[in-house]
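Per TrEMBL, the features are as follows:
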TRANSMEM  E:6-25  transmembrane segment
TRANSMEM  E:37-54  transmembrane segment
TRANSMEM  E:74-101  transmembrane segment
TRANSMEM  E:113-130  transmembrane segment
DOMAIN    E:130-424  domain 'NADH:quinone oxidoreductase/Mrp antiporter transmembrane'
TRANSMEM  E:165-184  transmembrane segment
TRANSMEM  E:212-234  transmembrane segment
TRANSMEM  E:246-266  transmembrane segment
TRANSMEM  E:278-296  transmembrane segment
TRANSMEM  E:377-402  transmembrane segment
TRANSMEM  E:414-438  transmembrane segment
TRANSMEM  E:459-480  transmembrane segment
């Protein structure tokens, strides 16, 4: 019952996101959608995903979107969000979507005949993986290759952000919110967040949680710090910061190569020390990922400052 | 040495580890160390590629289980003749591009800092894709490739480049989503992700067909097949020349490579005659449309970029020519298709490098800017010309050999309409390539504006062009390499 | 047993009711300060009631502590957020009289 | 019919909605939102479908976790480009989509930005 | 020795390929070095070809062969026919190079010109030595590519237009040829050229297919051979510098087309099979039409080079005509004309170039009195023109004689009529020129006179036409000797008709 209701709500909220007249409303709806998704993951018995979705999918993405939104005017008049140039394209898209929907429905309702029972495989080998939590085992043992590359993916996004940052205007010059109340609150909230992050990291090896969730919390902490106008430790040491950014990937690579250099396979953990290795990798990943996620936010090109509005010569009316 | 090649651990993971290490180092090291790091890294990767080649020659096709986790739980890398061909191609072209970029980027001091890590990521991603045998891993690989490619396009921060990279990114994202949905369906229904294992269990079901259709759509978008090609020309034309070379030469091929693995390896029985013909028709449309648009371009790099659209179209002819056409025709088409990919990769990379040099030398990006270039006859012009020979499919070049094989296959299988496509496509490419040549012979009013590009720029373009040409004479070995990977027929 | 269940249901229901009212307030109130009013006061109360209603059902005491902690955090966060939002509101209202909605 | 089926279907619906929005919207951020919705739909299908067949399955969950991180990277990357693009042109859509004639008038801006050959 | 047999054909190619590479590398202004390399390469090439010639006449086989793709070999083989063509091209290349050095003295872009010039000759020799259809196709296309820069060399609009036309024709022809080769290949596999053809096994069920393939092959080759109606590019290409015209008309391009037709008829199909399939008659008719049409058009031209161009259209088809006459005499006539026409035509173009370069003469009316001002050039021109008409004892007579004999042997009497008509027209368009040169007084100033040395013109320009003119005279006078072109052609012909 509740599943049906939730499942029905999701597309409705999505529709709201797509059809919202104002962009701001659309983004807020999207954040709400993300939170709903987190609930859905709970119902799908995927607490890891719920955590990640809330922190990353809704939280970080939301912050990113809102932040970007703050720097963009809306050249389109509000309303008619689905305005497209060609009516033909609209019809085509709708027909296409309908067809895809039918096909998808057929595919989703078809009886399943998996040829392999992967959950059983996971259960069978989890002992050897070095951790007790299956999701962590998949992420950092069975499919560590994916995870390694995924870290590289984030790094690429950050690097592009860094490359496109305007060198001349320092983002710190922006007006940031500050108030004594905020400072006071932060002074005990931040340690708490750090604690939570470390807890998530630690718990990851046998229960829901892990590097990504922990990193998301830590990144949120950094974003908060940044928004409150405080200097980040090491902010003036670009090399240190960069080392932090690549640290996760580097550690992953190095620890993954330990066995390789001894004639074993890449990303194979030493038999007795698998748990420790994974924890090490996760720790490095947590800090590095936190920096990376934070950098995704931070590295965005700084906006035009007040009084220097962007050139609007060729702005369509 | 020999025993180490046969029995020692496979070096496959190094092909990804090394570029990743390179990117890490170049992100943390200072500006002065970059050339050293780049040289070392390229050298090591080339060495690793060569050793992998030697290993393959010793032990043949093999798999590499990452982390020692066996399929279906783990992920494994797969090396066969085809993957090896692409690895070699990637190493060759990328290292030449690196050489070129090292000099060319002196004009772009700001872009320089982040060019190297992005290039290294791009390289790593390509190697991941060539080696990957896992559907979801391919998704991650595609994203890594797409993001780094988008980043490379956007690197100059110019208006055009930004618009192009945004368009590129959105196309890439849409393509990845389609792929991901396909993977989701396959995993839900089959419970595994390894391509080779899936080949054994893949059945003809709605979900299977839907997944294949979705994945194909995504890949077609990513390889800029007609009519989903509109993102490619601006992206390839507005990037820096070494980046354009890399994108047109290699990156655009990744999606096609996966497409072939998907259809001909994972689900060969699901490719019906009409589906194959449809893919071929898309390819033919791309050949004509891309050629036609290339003829209409006034900007040199746009012309070259549209030519990529056309040339990628030829690749899709692989599907109709290998589906139900008998053993010999299938073999010919298989070899011809991959030879076409190889020669196009070399020729197009050469052409973009040369075009970049010419624009630099003449100071103008449009075709009339080339007036008087023939007077100086820079090597770049020669490189452009030789690459053009291969693109037109004129002998003696790799392009000619490839088209010859494809033509033979079409003739043998009685699909004469593809012969028409191949021949008229060649004619069309002759039109736009000679349109460029012709400009070079016009005497310019102001002959002194020519600025000799650095020798290394010229030579890197020429070297690739000569390789494309040499492929016409030395195609027996690549052909053999390709033929070992013929799906189903290898045994 | 029965009584406790009844009480819990009552608490949860009234909590949900408070949430409903708070949401209504956000949607219906005319200006930002009054909306914040609805958000900070009513919703926190609703959350408190729900936490209270859930407490008897927990099996381990750390969970209970966590829930109470969450409630406290939510109160603090909403208070702070409200405070900041109002400050921003006050800062902007006089200068740009509603024409510059984009900043 | 089990707990997971409704979510799987909802995932399918999200994909359809998102794709349609992605194609039809012109505003880059709206398209980005549509992309994220589609992504969520894919994740739901991936987890839901797999778990329909085999019960709770850690593998798709891990895959989706990877997917979420990739999606946020994509979003961030796109936003970086959008912001820079907006800063240079004041546009929130791609030129070809908004006004086809804008392209032609755009050419002289060639060497405007840094790093043009000197 | 075995190694040398393998490498010699490649070596011949590489003399000009290497020359091209070095020339491209050299500085534009280093003309002395460039000329030395050109001449040295030409000399070495002639020596190598003579070596091969001697070897082939003694029955040696020089063959380079390696595999390109499975089932397709790259074959360079020096057989009698190939050596004949190679000898002609390498000899004429030497003179054309000499001439070009003088002709282009002081003009821009010489590096480019000579580079492609060498490439062009390399591909011509490749065509000569090609041992199978596939290899032939490779060099045939390469020839197109390397001549294009020469045609558009001047860079004027007119030159570019001519270049475009040239490409449309030749690349189109290339595509048709490719289709033919491909079809043939899929039918009969990797066909090495062999003296008697080797398709007999395919008969009779494939007869009609073979006819279609023949049509494609000849259609593709006819473009370069400038057979009507595929000749349109040739007169337009006259805008190119005179040495290029010489190259197009006498040394390389047109000859490559004609030579290709020879190869297809004799060495792919075999003359007997072609005859049995009834392929020769249509070919002969097409050639006859071309001969007459070319002559007719030539009569109407007032521009010297254009008149020469249409004359080429007409004359080259003598070769095809000779081939289509079944019987040794006709073959001899056709093949020997391949050589003779080359010598004579190159002379004529050199002279036309001299007139244009020295006196600025382009039109026929301007020739009045040129004989007195430029006696050497005019003498050479006269020999060439009279040879073209077929006057004994110049080489052209020998060709026409054998053609006529061949026609009689083959029972194709109408060919005689064609020959007579054409000779009359040849006379009709050449004699007025000679008349003006020698017997009309000069009218006013020359259009654009330049004094180059104490002779007619500079020696670079004068010696080549004189030598080629004397060679064409000698080829006629000494036709019966052992070292004449005729003798070699007779050797070739006996091999073609051997079985």
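Note: Cβ is positioned from N, Cα and C throughout, glycine not excepted.
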For this session: May I ask you to check whether the transmembrane segment (E:212-234) and the transmembrane segment (E:278-296) make contact, with contact taken as at least three Cβ pairs under 8 Å and only pairs 6 or more apart in sequence counted?
Result: yes
Seminar exercise, completed: In the same chain, residues at least 6 away from the ends of the transmembrane segment (E:377-402) whose Cβ sits under 8 Å of its Cβ atoms read 311, 315, 318, 322, 329-330, 332-333, 336-337, 339-341, 343-345, 347-348, 350-352, 354-355, 358, 370-371, 419, 423, 426-427, 430-431, 433-434, 437-438, 456-457, 462, 465-466, 468-470, 472-473, 475-477, 479, 485-486
Exercise. Taking a Cβ cut-off under 8 Å, which residues six or more beyond the ends of the transmembrane segment (E:246-266) line up next to it in the same chain?
Worked result: 81, 85, 88-89, 92-93, 96, 99, 117, 120-121, 123-124, 127-128, 130, 133, 136, 140, 143, 147, 150-151, 170, 177, 193, 195, 197, 214, 217-218, 221-227, 234, 237, 240, 274, 279-280, 283, 308-309, 312, 316, 319-320, 323-324, 331, 334-335, 338, 341-343, 345-346, 349-350, 353, 496
Exercise. Does the transmembrane segment (E:113-130) reach the transmembrane segment (E:6-25) with at least 3 CB pairs under 8 A, where each pair is 6 or more residues apart?
Worked result: yes
Exercise. Are the transmembrane segment (E:74-101) and the transmembrane segment (E:459-480) close enough that 3 or more Cβ pairs fall under 8 Å, when only pairs 6 or more apart in sequence count?
Worked result: yes
Exercise. By a Cβ-Cβ criterion of under 8 Å, what residues six or more beyond either terminus of the transmembrane segment (E:6-25) are in contact with it?
Worked result: 34, 37-38, 40-41, 44-45, 48-49, 51-52, 62-65, 76-78, 86, 90, 93, 111, 114-119, 121-122, 125-126, 129
